[in-house]
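Undergrad: Look at TrEMBL and you will find Glu178 tagged as active site, proton donor/acceptor. Residues or ranges marked as Zn(2+) binding site by TrEMBL: His21, Glu24, His116. The N-acetyl-L-aspartate binding site annotation in TrEMBL covers Arg63, Glu178, Tyr288. The substrate binding site annotation in TrEMBL covers Asn70, Arg71, Tyr164, Ala165, Thr166, Thr167, Arg168. What TrEMBL lists as domain 'Succinylglutamate desuccinylase/Aspartoacylase catalytic' is 11-206. Among the features that TrEMBL reports, domain 'AstE/AspA barrel-sandwich hybrid' is placed at 219-299.
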Amino acid sequence: MTSCHVTEDPIKKVAIFGGTHGNELTGVFLVKHWLENGTEIQRTGLEVKPFITNPRAVTKCTRYIDCDLNRVFDPENLGKKMSKDLPYEVKRAQEINHLFGPKDNEDPYDIIFDLHNTTSNMGCTLILEDSRNDFLIQMFHYIKTSLAPVPCYVYLIEHPSLKYATTRSIAKYPVGVEVGPQPQGVLRADILDQMRKMIKHALDFIHNFNEGKEFPACAIEVYKVMEKVDYPRNENGDIAAIIHPNLQDQDWKPLHPGDPVFLTLDGKIIPLGGGSTVYPVFVNEAAYYEKKEAFAKTTKLTLSARSIRSSSH
């Protein structure tokens, strides 16, 4: 029996995006540092470009100016005619797509790392958009192993109706990096250190791959989004119950049917319905109040990747 390994093209161009959301400061801080001194992100034979994605939102320390930049990279928005009425983030998306993307560019970026913070207690999280991508599963396995014993979770957002048009989705290999808990508009040294290490290990993986190292078949545990759960609301649409203390900060922990999920001001507990255990993520995320999402339910899966090596060796 022959070993089933996949050869992939070597990685040539990598971008690191910070400030897709202008009030998530770790990515902003790191990218600005690397723009001044990029020594730690340089690897032989690799072009690594740090980039502030939403400069106006960064200046104002707000998530966005007109609309969420991390949701507008779809053909409809990218194809809109330039006009002064276009939302700032849609114009910006077109610029970013032109600079980095495959939609109108012969030479797209191979990998985009998009750096985010969450107010939820999610620790180090990698966001995967494709469960069949051997290269990314291998990279995530390498990062997880390198970070151990610090846990690193993988959030799989492969879903027919919940897949959104992310800033990083214009690359061949899109990678979301999400580290929390950190309040909006705040920097924390521990969170910054974790994100910095995640990028270091990712770049080391790319370097080893480009140098001809073969990565044997591997498997990782991932949490796949199933549905997003809104807060209970009254007839005016206002929030009528808040996250129960037993659920607060319990991202990635099993939540069983009947467990408390919400709590009203008069002490009424609203439990988890349904017949199966779920794993909540983005619990009580500040930025998701406007999106009517109290948390996302996920299910735990194992993904396997075949052995990979670079086609240049």
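Using the three backbone atoms N, Cα and C, a Cβ is placed for every residue, glycine included.
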Undergrad: On a simple 10 Å Cβ count over all chains shown, which one of the binding-site residues Tyr164, Tyr288 is most densely packed?
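TA: It comes out as Tyr288.
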Undergrad: Fill in the CA-CA distance, Glu24 (Zn(2+) binding site) to Arg168 (substrate binding site), as an integer in Å.
TA: 16
Undergrad: Within 8 Å of the Cβ centroid of the substrate site residues Asn70, Arg71, Tyr164, Ala165, Thr166, Thr167, Arg168, which other residues of the same chain have their Cβ?
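TA: Surrounding the site, in chain order, are Thr20, Asp68, Leu69, Val72, Phe73, Asp114, Ser169.
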Undergrad: When the Cα-Cα distance from the residue listed as 'active site, proton donor/acceptor' is computed for each of the binding-site residues Arg63, His116, Tyr164, Arg168, Tyr288, which gives the smallest value?
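TA: Checking each of Arg63, His116, Tyr164, Arg168, Tyr288 against the residue listed as 'active site, proton donor/acceptor', the shortest Cα distance is to His116.
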Undergrad: Can you name every residue in this chain, apart from His21, Glu24, His116, with its Cβ inside 8 Å of the center of the Cβ atoms of the recorded Zn(2+) site?
TA: Gly19, Thr20, Asn23, Gly27, Arg63, Asn70, Leu115, Asn117, Thr118, Glu178, Ala287
Undergrad: At a 10 A cut-off on CB-CB distances, which of the binding-site residues Asn70, Thr166, Thr167 has the highest count?
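TA: Most Cβ neighbours within 10 Å: Thr167.
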Undergrad: At 10 angstroms around each C-beta, which of the binding-site residues His116, Arg168 has the fewest other C-beta atoms nearby?
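TA: The binding-site residues His116, Arg168 were compared, and His116 has the fewest Cβ atoms within 10 Å.
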Undergrad: List, in sequence order, the same-chain residues at least six positions removed whose CB sits under 8 Å from that of Arg71 (substrate binding site)?
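TA: When sequence neighbours closer than 6 are ignored, Arg71 (substrate binding site) has Tyr164, Ala165, Thr166 within Cβ distance under 8 Å.
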Undergrad: For Thr167 (substrate binding site) and His21 (Zn(2+) binding site), determine the Cα separation and express it in whole Å.
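TA: Distance between the two Cα atoms comes out at 11 Å.
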Undergrad: On a count of neighbouring CB atoms within 10 A, which of the recorded positions Glu24, Glu178 is highest?
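TA: Max Cβ neighbours within 10 Å, all protein chains included: Glu24.
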Undergrad: Would you list the other residues of this chain near N-acetyl-L-aspartate - those whose C-beta lies within 8 angstroms of the C-beta centroid of Arg63, Glu178, Tyr288 - in sequence order?
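TA: Along the chain, the qualifying residues are His21, Glu24, His116, Asn117, Thr118, Thr119, Phe282, Glu285, Ala286, Ala287.
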Undergrad: Given the binding-site residues His21, Ala165, which one has the fewest other C-beta atoms within 10 angstroms of its C-beta?
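TA: Among the binding-site residues His21, Ala165, the lowest count of other Cβ atoms within 10 Å belongs to Ala165.
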Undergrad: To the nearest Å, how far is the Cα of Tyr288 (N-acetyl-L-aspartate binding site) from the Cα of His21 (Zn(2+) binding site)?
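TA: Just about 13 Å between their Cα atoms.
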